[in-house]
Amino acid sequence: MSKEKFERTKPHVNVGTIGHVDHGKTTLTAAICTVLAKVYGGKARDFASIDNAPEERERGITINTSHVEYDTPNRHYAHVDCPGHADYVKNMITGAAQMDGGILVVAATDGRMPQTREHILLGRQVGIPYIIVFMNKCDMVDDEELLELVEMEVRELLSEYDFPGDDLPVIQGSALGALNGEAQWEAKIVELAEALDTYIPEPERAVDMAFLMPIEDVFSIQGRGTVVTGRIERGILKVGDEVAIVGIKETVKTTCTGVEMFRKLLDEGRAGENVGALLRGTKREEVERGQVLAKPGSITPHTKFESEVYVLSKDEGGRHTPFFKGYRPQFYFRTTDVTGSIELPEGVEMVMPGDNVKMVVDLIAPIAMDEGLRFAIREGGRTVGAGVVAKIIA
């Protein structure tokens, strides 16, 4: 079977459904695919094909995730849906499924539930920038006042976690009604699609961001100087650009005097490409794996941060025993391990394999970081956890 050519004509946006178990996330995902296929063309997907989510492994963590795609006249969406609560936690923390926006599904019959809060908190911690609410099962509630009450509660809950609760779109609908072809509920799915188009801004493309390349290797070339290699994460590196070497040691500035790819000289390297960058006047021992090459001033080195962490279960090859405060593993950022100590939240004495937990990490050497940076927790090269930088402290 030949792969269909991917059309690059429309902006591409990543979204996903979040919310409490059994509130209708997967039904809504199926309804969006089905209704939009009917209205705008595209491929319909039924509930069963989405619910039967394939197992994926991201950094050694097993996650069940379904990926579907759909189109509106203006955009192409990639949408992720997870069957279980644990899958959401893992997905959001590892960044396996990056979201430019989330669709929070809340059943009108239940209102806000524990996982509603947890997913909003996780969304805030891992940096999901925009949330749209779909109040589901509204066909099962006759009382208009009850619907208003649920909407108000959800808006308040979102505001509590610094989302603009008063202003974000809330759509009252019925995913099942829409799946069954009932016109009034199909219209609500179209309304949701329009909200996605207007409320979630077009994400900035990696190539348009400030230049950053994690350094994987360092070579010195006789008569030419020092070359660092790596895959450009974002932005563009042009010959003649001033760059900063950030992390582990003092930040130093230098100039890139050459860019090469597959032994050919180029004028520039772009996001996604593996390149070698020749650095002017830099000695081989001044640069090491684990540092980054970046546009000066665009990223700073830090040692202390608050993070959201998922600890691998024993079945995933993680620890067999809990850990306590004073635990000192390695934290693997981009290309290297750095030892660090942890502080657990008040009232948390120990962390069990399979848990997710908020912790403050203090590294022994600074790493170039932004909020939203992912890392792995390792013991002797074996991954035992995954995390994301939620807030930089120092």
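Heads up, the Cβ atoms here are built off N, Cα and C, so glycines get one too.
Predicted, not measured: the structure shown is a model, and the values here were computed from it.
In Swiss-Prot, the annotation region 'G2' applies to 60-64, one of the ranges 60-64, 200-204, 270-274. Looking up the ranges 19-26, 283-290 in Swiss-Prot, the one annotated as region 'G1' turns out to be 19-26. Swiss-Prot lists region 'G4' at one of the ranges 124-127, 136-139, 228-231, namely 136-139. Within 10 Å of the Cα of THR26 (Mg(2+) binding site), the following binding-site residues from the list CYS82, HIS85, CYS138 place their own Cα: CYS82.
Per-residue pLDDT, averaged along the region 'G1' (19-26), amounts to 94 for this model. Between the candidate binding-site residues, LYS25, HIS85, the densest Cβ environment within 10 Å is the one around LYS25.
Beyond the ends of the region 'G3' (81-84), by six or more residues, the same chain brings 16-17, 21, 25-26, 29, 50-51, 53, 63-66, 68, 91 to within a C-beta distance below 8 angstroms of the stretch.
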